[in-house]
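Read through the structure below, which is laid out as structure tokens, and then see the notes.
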Amino acid sequence: MSPRRMETKPVIFCLKMLLLLYCLVFWVTGVVLISVGLWWRFMLGPYTSLISSSPSNAPYVLTATGGAIVLFGLFGCFATCRGRCWMLRLYAVFLSLVFMTELIAGISGFVFRHEIKETFLTTYSEAVMRYDGRDDRSLAVDGVQRRLLCCGVHNYTSWLSSLYFPVGGIPSSCCVTFSDCSAADLKDATMAARKVHKQGCYELVMSVIEGNLGIIAGVTFGVAFSQLIGVSLACCLSRFINANQYEMV
């Protein structure tokens, strides 16, 4: 064995270990995405109807993306162990595609954040107007009002023009203290004003989103650019193996 090849062997071994470690982390992110997608589908399903007037495909996209990442994470481990250059290059191409997809998604979400706010305002206002206390969107409105301690779109007066108010008054989910809110009080606009939360839900939801936008953007771009590490490791390992005609065991 030539001295150059002996010097290269430790480098290839280190690259192999680093890429295997990266593949493991990459595989774990796929499992996390699958979990988030399933959680979104089954736990947050009713709330997504308040963000868009049509059913959201985001949970399915997350689950499918996570599944693809899990499969290619395993493929990356296999390619690294086998030391096949074409496998490593294919893995690098997949990581590049994931990087571009995540980068585009992150930029699009940041650029169109104002449109998202307008869409939420429209759909939430419609949900309040058509509230009946039974369907998924109505239950989601109740959940938001209880969790954020708010009432209506901009304030409790949003309910005065709803279809539900003449029948049931303001929903009990607006009450500051549930035991102090009677059905008669909630049907009386003057009395209800003393019993319900004053702040509207739209402003609170938007403040939560905007407050976490920087964190979400940072995590999104951080995860996206981490794919470049895997691309670099896969390409370097492939180049070393190809140049030195090294076969891994």
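Heads up, residue numbers simply count up from 1 along the chain you see.
Placed from the backbone N, Cα and C atoms, the Cβ positions cover glycine too.
In TrEMBL, annotation is done automatically, which means it is predicted and not curated.
Not measured: the values here are computed from a predicted model.
Copied from TrEMBL, the annotated features are:
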- 12-40: transmembrane segment (TRANSMEM)
- 60-78: transmembrane segment (TRANSMEM)
- 90-112: transmembrane segment (TRANSMEM)
- 213-241: transmembrane segment (TRANSMEM)
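With a cut-off of 8 Å between Cβ atoms, the residues of this chain six or more beyond the transmembrane segment (60-78) that come close are 19-20, 22-24, 26-27, 29-38, 40-41, 87, 90-91, 94, 98, 101, 230, 234.
Non-local neighbours of the transmembrane segment (90-112) in the same chain are 26, 65, 69, 72, 75-76, 79, 213, 216-217, 220-221, 223-225, 227-228, 230-231, 234-235, 238; each lies 6+ residues outside the stretch with a CB under 8 Å from one of its CB atoms. Distant neighbours of the transmembrane segment (12-40): 48, 58-74, 76-77, 80-81, 83, 95, 223, 229-230, 233-234, 236-237, 240-241, 244, 246, 248; these residues of the same chain sit at least 6 beyond its ends, with a Cβ under 8 Å from one of its Cβ atoms.
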